[in-house]
Amino acid sequence: MTDTVFKLGAEEAGDGRFRRQQSKFRDWADTTEPGRHDLYVSYACPWAHRTIIVRRLKGLEDVVGMSVVHPYRDERGWAFTGGEHRDELHDWDFLVDAYDATDPSFEGRVSVPVLWDRQEHRIVNNESADIIRMLNAWGTEGPDLYPEDLRAEIDAINEPVYDNVNNGVYKTGFAGTQEAYEESFTALFDWLGRLDERLGGRRYLAGDRITEADWRLFTTLLRFDAVYHVHFKCNGHRLIEYANLWPFARELHQWPGVAETVRFDEIKRHYYTTHPELNPRRIIAAGPLDMDWTEPHGRG
Ligand SMILES: N[C@@H](CCC(=O)N[C@@H](CS)C(=O)NCC(=O)O)C(=O)O
């Protein structure tokens, strides 16, 4: 593991299009016991935020430990700087140490979230989509977020939401050409429109029960007006303009325990200061001033 330098375009394929690297560690743990597994996360990151939320909803906070990296990431990668941002397990200074301990030949990008196995002293999995399924299966509290009877529906909606919305904002923000930018911008707002319509006819993405599909969409919606609208030039519409998406996002934000997982200070600090190619002076956009996440959502 030598090259941890963040460069815009490091995930570009030469045609101006951003391509997210595939997660390398994809093992599965069917069970856990208190103190066996830990999460390495960033409050800023939408992918890590999924795992923080599911850990909370499934009552796993005393079972699965959690260490939080500092929101500012420089060329050395995600770091533990002390205080709230310390590695509770190993007291490592950088997350790269977890990757090195697991596979010294790993040469990819060091990303959060990471699911760590204390017993085997290695990363089990660094793909949030897998990690939330494991946490859902391990937890005994809260709703089943991937129920058998809704799996086909959930899988079917996850795919376009991932491609056009979750990853779509990144493709838009990191586009290297006007053409690539417009392509992902168009797909993003096309899909936000479709999702808004869908949520006009049903309470949640897969029907009348909340599932992982909703939480996967939520972490992107949460960051939309504060970050993506400005920093990633996703300025087709604001979240607050959508008749259904905005109340839907508020409902999820108001779900018991969820607001405590939301750190807008870390979210904004991370994005606006970590990508100097997009924001060379690292000034953190101060708005929005017009969003009230506590306003009654009126759904259901
Ligand atoms: N597929 C991964 C993506 C995770 C990811 O890209 N995380 C970002 C933070 S939002 C990261 O750690 N990036 C580090 C880097 O690109 O150097 C997942 O969903 O778990």
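All positions are counted from 1 along the displayed chain.
Even glycines carry a Cβ here, placed using N, Cα and C.
The secondary structure of Cys45 (active site, nucleophile), as reduced to three states from DSSP, is coil rather than helix or strand. Residues or ranges marked as active site, nucleophile in TrEMBL: Cys45.
Following the DSSP three-state reduction, the secondary structure of Arg109 (glutathione binding site) is coil. Marked as glutathione binding site by TrEMBL: Trp78, Arg109, Val110, Ser111, Val112, Glu127, Ser128.
What TrEMBL lists as domain 'GST C-terminal' is 147-271.
As annotated by TrEMBL, active site, proton donor/acceptor applies to Tyr170. In the three-state DSSP reading, Tyr170 (active site, proton donor/acceptor) counts as helix. Taking Cβ-Cβ distances under 8 Å and a sequence separation of 6 or more, the neighbours of Tyr170 (active site, proton donor/acceptor) in its chain are Phe18, Arg20, Phe232.
Taken from TrEMBL, the feature site 'Lowers pKa of active site Cys' covers Tyr228 (among others). Residue density at Tyr228 (site 'Lowers pKa of active site Cys'): 24 other Cβ atoms are found within 10 A of its Cβ, drawing on all protein chains shown. In the three-state DSSP scheme, Tyr228 (site 'Lowers pKa of active site Cys') falls into the helix class.
Around the Cβ of Tyr271 (site 'Lowers pKa of active site Cys'), the number of neighbouring Cβ atoms within 10 Å comes to 24. The site 'Lowers pKa of active site Cys' feature in TrEMBL is assigned to Tyr271 (among others).
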How many helix, strand and coil residues does the domain 'GST C-terminal' (147-271) contain under DSSP?
93 helix, 2 strand, 30 coil
Just to confirm my parser: what is the rounded mean pLDDT across the domain 'GST C-terminal' (147-271)?
98
Which of these recorded positions (Arg109, Val112, Tyr170, Tyr228, Tyr271) have a C-beta closer than 6 Å to some atom of ligand 1?
Arg109, Val112
Among all protein chains shown, how many Cβ atoms are found within 10 Å of the Cβ of Arg109 (glutathione binding site), not counting that one?
16
Let me know how many other Cβ atoms fall within 10 Å of the Cβ of Ser111 (glutathione binding site).
22
What subset of the recorded positions Cys45, Tyr228, Tyr271 lies within 10 angstroms of Trp78 (glutathione binding site), using C-alpha positions?
none
